[in-house]
Amino acid sequence: MIDLRGARTPFAGHAGGVNAVALSPDGMTFATAGEDGTVRTWAVATGAEVHTLRGDGQPVKTVAYAPDGSTLAAAGNAGSVEIRDAATGTLIRALDGHATGLGPYGRSPLSDQVHSMTYSPDGSMLATAGEDGTVRLWDARTGAAGMVLRGHDQGVWGVAWSPDGSTIASASADRTVRTWDARNGAPGLTVEADQAVSVAFSPDGGTLAASVRDATRTWDARTGTAKLTLPASGFMRSVAFGPDGKTLAAAGNGVVRVYDTPTGDLRHELAGHGSAAVNCIAFGPDPALLASAGEDATVHLWDPGTGARRMVLAGHRGYTGRLEFSPDGSVIASIGEDHLVRTWDARTGAPVLTLAGHKERPKDLAFSPDGTMLVSTGLDRKVRIWNPRTGASPVVLTTTSVYIGSVAFSPDSAILATADQTGTVQLWDPRSGSELLAFKANNNYESVDAIAYSPDGTVLATADELGQIQTWDADTGAARLTFTAHHDQIFGVSFSPDGSLLMTHSDDETLRLWDAATGAPRTVLHSDFPGMRSPVFSPDGSTVAAGAVQGGIYLFDVGTGGSRLLVPGTERVHAVAYSPDGAVLATTTADERVIRIHDARTGEPITP
C-alpha cells in the first residue's frame with residue numbers, strides 16, 4: 001500500500017494477500033492479517049495505519065479482538081498464537097498448542113497452521129482452530145491451555161462461539177460442521193457441509209451459517225435442521241451475520257454477497273476486489289459497517305445496507321512507477337508494477353479509487369487538462385480511459401504494438417496522443433475511442449518512448465530510443481524539427497509551461513534544455529550526481545525537480561542550470577510530480593512502496 005509517511009497521512013500496507021480482517025468492539029479500529037507476515041491495525045475513520053506488528057515472518061491467517069477491545073490475537077502458519085496489547089501492539093504472550101508438526105495425516109509443512117480463532121463472549125476464553133484437526137481452548141488472561149476438541153478428520157478452518165457462550169461451532173475440510181459444549185467439550189450436532197471453511201452464529205444464537213464449496217448454508221443451531229442454501233459461483237470463504245441479525249454476508253471469488261437473513265433474498269453484490277478471492281469479511285458493532293479483505297492486498301469498508309463502498313485501503317505491491325496530480329490538485333494518481341492504477345486524496349492521503357484492468361504493468365499515466373479523464377497505458381497493449389470520479393472505464397483502446405510507451409492529452413482535452421514501440425504516433429478522440437490520425441515518427445521502427453503537447457496545442461514532440469527528438473504539426477502530423485538530443489535512449493520529453501523550451505532526459509545520465517522553436521541547445525542541468533529521473537517543470541517554469549538514481553530530490557534553476565539538493569535520500573527515485581500550484585512535490589522511491597509529500601521550496605515533509 002502507499003505510505004504517505006512524512007506526509008499528511010501515513011499509509012502502509014500488506015505486500016501480499018490479506019487473509020483476515022477484524023473490527024474492534026468499539027468500531028474505531030480494525031486489524032488485518034497478511035501473507036507478508038504482518039498484522040496491521042488501522043483507524044476506521046481515516047484509514048490511517050496505527051501499528052504494524054511483526055512476528056516470526058510466516059503468513060498470518062487469522063486475527064481477533066477480545067470483546068473488551070483490550071487485546072488482539074493473531075496466528076498463522078507457524079502454529080503460535082500471539083496475544084498483543086491492542087492499544088500499543090506489545091506482545092503479551094504466545095500460545096503454542098498447535099505447533100506440534102502433526103496433522104490428521106501425519107507430518108506436513110502446514111500441520112501447525114492456525115486457520116481461525118474467536119474469543120468467548122465474556123472474553124475469558126480463546127478458541128483456536130488448526131490444520132492439526134483440533135479446536136483448542138485457552139484461558140485468555142493467563143494463556144493456560146484448556147480443553148482440546150477432537151473429532152474432525154481433517155483440518156479445522158473455522159470456529160465460532162455462540163452468543164451465550166455455551167456452544168462452540170467448527171467447520172472442517174472433512175465436509176462437516178460440528179458443535180461442542182463449551183463447558184465440557186461434549187460433541188453436539190454434526191451436519192454435512194462440503195469443504196466448509198467459515199462458520200458463524202446469528203446474534204440470537206438460533207441460526208448457524210457456514211460458507212461451503214459453492215454456496216452459503218444455514219441450519220437451526222439447536223436441531224441441525226437445514227434452513228437456507230444460497231448458491232454462489234465459486235468457492236465461498238467467509239460468512240458473517242450483521243450485529244442486528246437481519247443481514248447475512250458471504251464472500252468468495254471477488255464478490256461479497258449481502259442477504260436478508262430470514263428469507264435469503266440477495267440485497268447487494270459488493271464487487272471491489274476484481275477477480276481476486278475475498279478471504280474474510282467482518283461486521284463492526286454498527287450494522288452499517290462491513291469490512292472485506294482479499295488476495296488483491298486490499299481491504300474495503302462497505303455500508304451493507306446500501307451497498308456503498310466507504311473506503312478502500314490498498315497500495316501498490318512493488319514500486320510505484322509514475323505519479324500525476326489532477327489539474328485541481330485534489331487527487332494524486334499512481335501506477336505500479338502490481339498492474340493497478342490508484343488515486344489518493346492529496347490533502348489527507350486517503351485512498352480514493354483502485355482501478356484494475358491492466359493485465360500487465362502500466363507504463364504511463366495522465367489526467368486530461370479538464371480533469372474529467374485519467375488515461376493509463378501498459379505492456380498489455382491497452383490504453384484505458386477512466387472516469388477519475390467513479391472509476392468507470394468507458395473507453396479502452398487496443399493497439400497492435402507490444403506496448404504504448406507514452407500518452408499525452410491536448411490542452412483542450414479533445415485529443416489523446418499515444419506513442420508506441422514501433423515508432424507510431426496515433427491521435428484519438430478520448431471520449432469515443434475513434435482514431436483521428438496516425439503517422440510514423442521514424443522510418444526505422446524505433447520505439448518512441450515519450451510524447452508531449454506544447455501548451456498551445458499546436459505542436460507535438462516525440463523522443464525515441466536512439467536519442468532523437470522530433471516535433472510535429474499537431475493537426476496534420478507534418479514534421480517540423482528533427483535533431484539528435486542524446487547519444488542514448490530518451491526516457492522523457494516535456495515542454496516548459498510557456499512553450500519556449502523542450503526538456504529531455506536520457507540513459508546518458510543528462511538533463512538538457514532546448515529551444516522549442518529551433519532545436520538549439522540551451523542548457524545542460526548539472527547535479528552533484530549523474531543519473532536524474534522523472535524531471536518535471538515547476539508550474540511557473542523557473543525550476544526543474546528531478547530524482548537521482550543514487551537517491552535524493554534535486555532542484556535545477558532553468559536559467560543557470562545550477563542545482564541544489566532538496567531532499568536527501570539513498571534509494572533510486574522513480575517518480576516526481578508538482579502540485580498545480582507548485583507548492584508541493586510528490587515523490588516515490590524504490591526502497592518502499594510509498595508516496596511522500598514535501599514542501600517544494602524547503603523539502604520539509606508536510607505533516608498534519
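Just so you know, glycine gets a Cβ as well, placed from its N, Cα and C.
Copied over from TrEMBL, here are the features:
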- 11-52: repeat 'WD' (REPEAT)
- 53-94: repeat 'WD' (REPEAT)
- 107-148: repeat 'WD' (REPEAT)
- 149-190: repeat 'WD' (REPEAT)
- 278-312: repeat 'WD' (REPEAT)
- 313-354: repeat 'WD' (REPEAT)
- 355-396: repeat 'WD' (REPEAT)
- 397-438: repeat 'WD' (REPEAT)
- 441-482: repeat 'WD' (REPEAT)
- 483-524: repeat 'WD' (REPEAT)
Secondary structure tally of the repeat 'WD' (483-524) (DSSP, helix then strand then coil): 0 helix, 23 strand, 19 coil
Contacting positions for the repeat 'WD' (278-312) when only residues 6+ beyond its ends and CB under 8 Å are counted: 1, 13-27, 30, 32, 34, 42, 44, 47, 237-244, 246-247, 249-256, 258, 267-270, 272, 338, 350-354, 356
DSSP helix/strand/coil residue counts for the repeat 'WD' (397-438): 0 helix, 22 strand, 20 coil
Positions whose Cβ lies under 8 angstroms from the repeat 'WD' (441-482), at least six residues beyond its ends: 405-412, 415, 417-425, 427, 488-495, 497-499, 502, 504, 506, 508, 514, 516, 518-519
